[in-house]
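What TrEMBL says about this protein:
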{"type": "DOMAIN", "residues": "A:5-78", "note": "domain 'Glycine transporter'"}
{"type": "DOMAIN", "residues": "A:90-162", "note": "domain 'Glycine transporter'"}
{"type": "TRANSMEM", "residues": "A:30-51", "note": "transmembrane segment"}
{"type": "TRANSMEM", "residues": "A:63-81", "note": "transmembrane segment"}
{"type": "TRANSMEM", "residues": "A:87-108", "note": "transmembrane segment"}
{"type": "TRANSMEM", "residues": "A:115-135", "note": "transmembrane segment"}
{"type": "TRANSMEM", "residues": "A:141-160", "note": "transmembrane segment"}
{"type": "TRANSMEM", "residues": "A:172-192", "note": "transmembrane segment"}
Amino acid sequence: MLTYIYILAITAEAMSGALAAGRRNMDMFGVSVIAFITALGGGTIRDILLGHFPVSWTQHPEYIYLTVSAGLITMLIARFMHHLHKIFLLLDAMGLIAFTIIGCNVALELGYSTPIVVMAGMITGIFGGILRDVLCQRVPVVFRHELYASISLLVALLYLQLEQMGLNHDLNLILSFATGIMMRVAAIYWHWSLPVFSYAPGRWK
Amino acid sequence: MLTYIYILAITAEAMSGALAAGRRNMDMFGVSVIAFITALGGGTIRDILLGHFPVSWTQHPEYIYLTVSAGLITMLIARFMHHLHKIFLLLDAMGLIAFTIIGCNVALELGYSTPIVVMAGMITGIFGGILRDVLCQRVPVVFRHELYASISLLVALLYLQLEQMGLNHDLNLILSFATGIMMRVAAIYWHWSLPVFSYAPGRWK
Amino acid sequence: MLTYIYILAITAEAMSGALAAGRRNMDMFGVSVIAFITALGGGTIRDILLGHFPVSWTQHPEYIYLTVSAGLITMLIARFMHHLHKIFLLLDAMGLIAFTIIGCNVALELGYSTPIVVMAGMITGIFGGILRDVLCQRVPVVFRHELYASISLLVALLYLQLEQMGLNHDLNLILSFATGIMMRVAAIYWHWSLPVFSYAPGRWK
């Protein structure tokens, strides 16, 4: 099940990358690269930080084709995408949760301690978007808008807690997933967000 | 032969890095770092992604000296460089092709599959410039202008195809190299470029 | 001794990250991430480049808590921080020197050659700040202002020279540290800086 959701997820992330590239008037190649990096960059950074070689996508070239195709198709259908805005946000939320849980699993299998497992989940969930925003010259969205990364954190904690309590693995997946999606939808709907830190000194280092 | 071209290539890339740093009014140190990263950053990212340790330049400190020197010398000769514009573009094209072929070879030796070998070639070819542009606060040039990364892709595909057909290695090198240079020169001369994706929504995630 | 200074150092770096995040109006989560990356990013990049796995902080979750806490506390006390400006600059200088020496030690233990050991020291010293500035959309401060990275370089060279001369290790630590701090304080006080390279062509690649 996680694999299917993962495929949906990287497709959605690749499309969000393509749209960001389009806002910077990139060419087809730039769109492909940003789509690929947005979709698979989080998992790549996780693998490198955890010393988990070979990096996942090097063993699954089909994910390269999928994300690049999703990026290119986005170029064609972008004009219709505001009609799909809600579906897109939902796919994006599914991606965030699926990436988080997959990231936790990778770190668990490598025997890392709980805080690092949680970090691995969050890094997988959010760093694709951070790389996208850095390459497209934006302050990362994930640091500023409605609850997003925090939901990745909460899902990681919930998933690990239920796992340690010995809950059936599939049940845990379903529960963590549903909770995460609901939290994200609620955050978007009611504009939940974290306190913002605004610092504007006269002159400072 | 590839080694000599490689040395020319990292010199040219280091100079392009230094010029980008100069446009941001960086100091001598910044120029050195950007020169180094532009020249050797692509290979570094390739090595890390492929789990190929130790990273190449850590075994060749002479390349560190070379790229830093090239960056510093660029500070002195920059005012004359527009006279050398064409030579510079040619060196840059040679760098792109040499980096691509070297990147393919590294991945081939590590036993990666064909799509990853092609990716390794392209990453070596273009990521130095991407890092340069991110550090100098620009949207990466490679995602926007005349065919550049696409040529890296085509050269990688050609080189691998000829290799698989059992062509003599040196002949393959010469053929792939000449084809790449000609394509790049043609792309600059006739302003070949890929379709651009411009996306400007009212308000979007 | 180096451990205590290291703890002070990552706290100071985390605070500088939090202030940079505040200037971009990031939320609590963004502040935490930038604080963490500013403090531990330099060491992380060093570990990855040297193939030194597992990455240090994955074995010391307490540093994650420390840097995130320092970032969040900075949100509360930022309004008072201009009173602490001088202490803060001193802590930052201590961080730079401590990071540099620690970075050299890591590369020495892994058996790298002298130029790479020096690079490892500098990367540990300055890359946290570079990542902070890239994520906060600034041209890295370290490439532009008073001597900073150069001091990291000089400290690394001094430390290695004294080590090779067979000086007592603790004495070397104290000497290198004191020299570094004095140089940095002098650089700030007298505005020592490197020549700047300003390049503004009409139109260039």
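Using the three backbone atoms N, Cα and C, a Cβ is placed for every residue, glycine included.
Note: TrEMBL annotation is automatic and uncurated.
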Outside the transmembrane segment (A:172-192), at least 6 residues beyond either end, the same-chain residues with a Cβ under 8 Å of its Cβ set are 1-2, 5, 89-90, 93-94, 96-98, 100-101, 146-148, 151, 154-155, 158-159, 162-163
The average per-residue pLDDT within the domain 'Glycine transporter' (A:5-78) comes out at 93
Under 8 Å, at least three CB pairs between the transmembrane segment (A:141-160) and the transmembrane segment (A:30-51) (pairs 6 or more apart)?
-> no
When the domain 'Glycine transporter' (A:90-162) is classified with DSSP, how many of its residues are helical, how many are strand and how many are coil?
-> 59 helix, 0 strand, 14 coil
Secondary structure split (DSSP) over the domain 'Glycine transporter' (A:5-78) reads 63 helix, 1 strand, 10 coil
